[in-house]
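Q: Below is a structure I'd like to ask you about.
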Amino acid sequence: MTPHPIQDAVLRVDRLSVVYPGGVTALRDTSIAFRRGEFTVLLGLSGAGKSTLLRSLNRLVTPTGGSVTSELGELGSGSALRQHRRRTAMIFQHHQLIERQSALANVLTGRLAFHNTLRSLFPLPRADQEIALSCLARVGLADKALSRVDKLSGGQQQRVGIARALAQQPAIILADEPVASLDPATSVRVLGLLRDICKEDGITAIVSLHQLEYARRFADRVVGLADSQIVFDAAPSELTDAQLERIYAGRSTTQPANAPAEPPVMLEPSLEMSR
């Protein structure tokens, strides 16, 4: 599909392809642009390519071909990528929290990218702590600031993950299946909270989901993926039965039957610290 004009975009993907070891094609010749302040849902079955596309936007996955360009320039391995990662926050399905630490300590890790390695070994300044407390308040967890994360419910843990992302003061949030492990009521609350905050702050959000009902309820734009490529890109109101059949019935005929859907990603230590 032809991407939207870069003048209207904070991120642009041009002819991106990702092939994992073993010949597994996770993404093929994909082009798309993401507009400022838009809440976009990447919709599709497991293995459709949505997580690979999402992670490619922050170079958690290294493309086999093509390019990703932000307002800072093409994202390779230099300063443009470092600056892009600083302004791009991640929210993960399994929280990626330090369970024995408090909610506040976890949210403060969102501030580490603003300090050099030596400074991050010591308690962060009061200003950072105030930012972290404010972020916890925004997700309704001010009273849980000093509670250990492993004592919180799954929904509360995911809200800590959102607060950590907000502490990074991002221009972009990438959320990879953020409600896959939550019950329906909690999922609606978490997605509604995330969408409202992104709208209030003008944050561009790109969220991968497999649940159609959530895409219809929360998305400004739905990008449907099947067989490692984009097959739909429009407002959720434009989804037809035929298009849904294509998104949800798409099966790869080129990948081995026992190939992993989208292999796990090992994060670089520097990126792990910056989250």
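Backbone N, Cα and C atoms are what each Cβ position is placed from, and that goes for glycine too.
Small disclaimer: the values here were computed from a predicted structure and weren't measured.
As annotated in Swiss-Prot:
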type	residues	note
DOMAIN	11-252	domain 'ABC transporter'
BINDING	GLY44, LEU45, SER46, GLY47, ALA48, GLY49, LYS50, SER51	ATP binding site
REGION	251-275	region 'Disordered'
Q: Mind giving me a neighbour count for ALA48 (ATP binding site)? Other Cβ atoms within 10 Å of its Cβ, every protein chain shown.
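A: So the Cβ neighbour count for ALA48 (ATP binding site) comes to 30.
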Q: How does the model score the domain 'ABC transporter' (11-252) in terms of mean pLDDT?
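A: Mean model confidence (pLDDT) across the domain 'ABC transporter' (11-252) is 92.
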Q: Can you tell which of the binding-site residues (GLY44, LEU45, SER46) has the fewest other C-beta atoms within 10 angstroms of its C-beta?
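A: So among GLY44, LEU45, SER46, the binding-site residues given, the one with the fewest Cβ atoms within 10 Å is SER46.
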Q: Cβ distance under 8 Å to LYS50 (ATP binding site), same chain, sequence separation 6 or more: which residues?
A: LEU42, LEU43, GLY44, SER208, LEU225
Q: Where does GLY47 (ATP binding site) sit by DSSP, helix, strand or coil?
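A: Reduced to three states, the DSSP call for GLY47 (ATP binding site) is coil.
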Q: Looking only at Cβ atoms, how many others are within 10 Å of the one on GLY49 (ATP binding site)?
A: 28
